[in-house]
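Copied over from TrEMBL:
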ACT_SITE  Glu56  active site, proton donor
BINDING   Cys54, Cys87, Cys90  Zn(2+) binding site
DOMAIN    2-129  domain 'CMP/dCMP-type deaminase'
Amino acid sequence: MAEQQELLTVATAMLDKAYTPYSHFHVGAAAVGASGKIYGGCNIENASFGATNCAERTAIFSGIAAGETHFTALLVTGNTDGPIAPCGICRQVIAEFFDADAPIYLTNQKGAFTATTVAAILPGAFTDLN
Ligand code: THU
């Protein structure tokens, strides 16, 4: 199976795991660790809305917790009309753990598929404390 199709399958399965009692908006993501393993993620909301974790960050953080330190590709999906767009916080987290030219796949559940890159979704990312 092509990597993109496998990522879409994992991310789509994550839609059912989303914890969304406030927005009822389910998001699924899948991130490929440097080891080649794929990590799924869903959005997890909170009564204190700012504590919500997006699907992209859940996938990345699950990989980090499993021992990954770097990722090579990420796919996100949702029940949107067009390809879903990651939020600004997720773009910054993606920039931390992916190369600038790593592929980011923005999809929906109706067949939309846009391939972009980390650099394209967050130009001028803050990456260096020095
Ligand atoms: N959300 C994601 O999980 N990823 C995105 O790319 C956009 C937004 C979630 C956060 C919240 O649970 C809900 O979607 C509405 O913002």
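Placed from the backbone N, Cα and C atoms, the Cβ positions cover glycine too.
Note that TrEMBL annotation is computational and uncurated.
Annotated features taken from TrEMBL, shown on the structure.
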residue: Cys54; record: Zn(2+) binding site; Cβ within 10 Å: 21
residue: Glu56; record: active site, proton donor; Cβ within 10 Å: 28
residue: Cys87; record: Zn(2+) binding site; Cβ within 10 Å: 14
residue: Cys90; record: Zn(2+) binding site; Cβ within 10 Å: 24
The correct three-state DSSP answer for Cys90 (Zn(2+) binding site) is helix
Non-site residues, in chain order, whose CB comes within 8 A of the mean position of the CB atoms of Cys54, Cys87, Cys90 at Zn(2+): Ala55, Glu56, Arg57, Pro86, Gly88, Ile89, Arg91, Val93
For Cys87 (Zn(2+) binding site) and the residue listed as 'active site, proton donor', what Cα-Cα distance in Å is obtained after rounding to a whole number? 9
By DSSP assignment, list the helix, strand and coil residue numbers for the domain 'CMP/dCMP-type deaminase' (2-129), in that order. 41 helix, 34 strand, 53 coil
Would you kindly give the Cα-Cα distance separating Cys90 (Zn(2+) binding site) and Glu56 (active site, proton donor), rounded to the nearest Å? 6
